[in-house]
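Trainee: The structure that follows is given in the form of structure tokens.
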Amino acid sequence: MANLKAGTRPPWLGLGAAVWVQIASGNAYNFPLYSHSLKSVLGFNQHQLTMLGVANDIGENVGLLPGIACNKFPPWIILSIGSFACFLGYGVLWLAVSQTVLNLPYWLLWLALCVATNSSAWLNTAVLVTNMRNFPVSRGTVAGILKGYAGLSAAVFTEIYSTILRKSSANLLMFLSFGVPILCLLMMYFVRACTPTFGADSMERGHFLFIQVSSVVLGLYVLMTTILDPILQFGAEVSYAILVGMVVLLMAPLAIPVKMTICPSRVNTQVVSSDETLQGEGNAGKTEPLLMSSESATYLGSFREGDDASEVAMLLAEGEGAIKKKRRPKRGEDFKFTEAIIKADFWLLFLVYFTGVGSGVTVLNNLAQIGIAQGVQNTAILLSLFSFCNFIGRLGGGVVSEYFVRSKLVPRTLWMACTQIIMIITYLLFASAINGTLYAATALLGICYGVQFSIMIPTVSELFGLKHFGIFYNFMSLGNPLGAFLFSGLLAGYIYDTEAAKQHGLGLISSSISCMGPNCFRLTFLVLAGLCGVGSVASIILTKRIWPVYQVLYGGGSFRLPQTSNH
């Protein structure tokens, strides 16, 4: 791995390329765009289509294998595997929907959809892990940016689907089979690991701000064109012009390395590998330990989870190099997966994330039915609103948590507690079905749902290190399909069908009838509110437990890399 100074082009070029890969990794969000063709062309019933939706969620979120592989192979190999899975899985679906190959068995299509959407896990893991390691002192900001663009991918694909692909499911599947892998193969050269920098770079904040602003502009641009299209009936020329504008905005992050090429900066910042200590500026012969002894004495007692005075003295002696002794890692250092899963903090964080995304994805999966039940005919606006606010939550969660963790030493999980409290109020608004509150509740839920992603990612890396971050992140991501199965597939679906059967006077639940009125989802929303209540309490407990960790990591006003960190 080449040594790279802070502010040089490769890390920023990799981040710009990662934006495109993140858009590509959102291919799983396209299921609603071609699911109707699976039903009409292939003759599937509603139950079979629902099970294909489960395959879509499983493939997208089960990423333990790429999490393990990212520590053993370079990013280009991970991206290659994801590209091949995308080509293979969507290729089989394209052959079936285009009727190039007839009578493919249902189990094969189910498996193909799992493989196709599992490409998202490979692509997402490759770019997220690589960029988190390239920018370790700005991991919250980087996570917010990348997950924000992932949240916009559905809107980007919808624009492509409506303009170039002419709303053809077969064309969309062919595009996913060939276009996404080609894009990832082109970007893999630029997504590479770089030696992280820990010195002060006056340009870094401005660069991140530029990317954040350009992503917000992109989100507003796509949202407005989506809303205005059915009203103004854009012609072909206008639609293509809108698509070109979207592509230009997607290329905005690449302006940073271009600017660095034209106007190279002479700022000389420190490059510190994970097993080195920080050196004072202009003092080449004088080294400064990552953790000052006075700060160690102040925080180590609470940071080390109950170590007594002799153990603290032993750890301080080890840190100074006086003795060498193998010990288990402590919070803030690099954990192995087997070491992390026996920690209470690990399962508390999983519980908090599960309650947040598990409840949110339940509403997302049923948002169209929720709108129809409350008398909204154009549910596409609801979906667009949720998507945009989800993006704002992902981006804003990274920015806000990064500011407060640096200036006030506030653990990021505090924002998970705040947003889940807001989610409780939001679910009660949904349950009340008061006129005029549906759009506001949808917007609030989208923001709070997005925050869960951008907070969980850097928190995992700060508590358990970056060395095995890939597998930790992908294990936490299992909270999404688990919540979808329990609260959407079992709870919401059963309550909806039962209420629909009552309204139509049927003795048996039928998937062909619709439910109208607030009772269709009222009980579901009350359960979700209670679930977020549990998540709020758990996040407050977790925040209190890990507060000393953040005092150690950010106590000097900037990130302190633990001495055992080695990625």
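The backbone N, Cα and C atoms fix where each Cβ goes, and this holds for glycine too.
All TrEMBL annotations are machine predictions without curation.
Annotations for this protein, taken from TrEMBL, read as follows:
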{"type": "DOMAIN", "residues": "11-258", "note": "domain 'Nodulin-like'"}
{"type": "TRANSMEM", "residues": "76-95", "note": "transmembrane segment"}
{"type": "TRANSMEM", "residues": "107-129", "note": "transmembrane segment"}
{"type": "TRANSMEM", "residues": "141-161", "note": "transmembrane segment"}
{"type": "TRANSMEM", "residues": "173-195", "note": "transmembrane segment"}
{"type": "TRANSMEM", "residues": "207-228", "note": "transmembrane segment"}
{"type": "TRANSMEM", "residues": "240-258", "note": "transmembrane segment"}
{"type": "DOMAIN", "residues": "343-546", "note": "domain 'NFD4 C-terminal'"}
{"type": "TRANSMEM", "residues": "346-368", "note": "transmembrane segment"}
{"type": "TRANSMEM", "residues": "380-401", "note": "transmembrane segment"}
{"type": "TRANSMEM", "residues": "413-432", "note": "transmembrane segment"}
{"type": "TRANSMEM", "residues": "438-460", "note": "transmembrane segment"}
{"type": "TRANSMEM", "residues": "472-496", "note": "transmembrane segment"}
{"type": "TRANSMEM", "residues": "521-542", "note": "transmembrane segment"}
Trainee: So which residues does the transmembrane segment (173-195) touch in its own chain, when a touch means Cβ under 8 Å and the partner is 6 or more beyond its ends?
Mentor: 1-4, 10-11, 13-14, 16-18, 20-21, 24, 27, 30, 34, 74-76, 79-80, 82-84, 86-87, 90-91, 93-94, 97-98, 116, 119, 123, 126-127, 130, 133-134, 160, 164-165, 271, 273
Trainee: With pairs closer than 6 in sequence left out, are the transmembrane segment (380-401) and the transmembrane segment (346-368) joined by 3 or more CB pairs under 8 Å?
Mentor: yes
Trainee: Residues of the same chain, at least six outside the transmembrane segment (141-161), with any C-beta under 8 angstroms of its C-beta?
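Mentor: Long-range Cβ neighbours of the transmembrane segment (141-161): 15, 18-19, 22-27, 29-30, 33, 124, 127-128, 131-132, 135, 167, 172, 175, 208, 211-212, 215, 218-219, 222-223, 225-226, 242-243, 246, 250, 384, 387-388, 390-392, 394-399, 401-402, 450, 453-454, 457-458.
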Trainee: Residues sitting near the transmembrane segment (107-129): Cβ under 8 Å, six or more positions beyond its termini, same chain?
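Mentor: Distal contacts: 17-18, 21-22, 24-28, 31, 38, 42, 51-52, 55-63, 65-67, 70, 75, 78-79, 81-83, 85-86, 88-90, 92-93, 96, 143, 146, 150, 176, 180, 184, 191, 457, 466, 469-470, 473-474, 477.
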Trainee: Would you mind listing the long-range same-chain contacts of the transmembrane segment (240-258), meaning Cβ under 8 Å and 6+ residues beyond its ends?
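Mentor: Distant contacts of the transmembrane segment (240-258): 9, 12-13, 15-17, 19-20, 23, 156, 159-160, 163-164, 207, 210-211, 214-215, 217-218, 221-222, 225, 234.
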Trainee: In the predicted model, what is the mean pLDDT computed over the domain 'NFD4 C-terminal' (343-546)?
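Mentor: Summarising the domain 'NFD4 C-terminal' (343-546) by its mean pLDDT gives 87.
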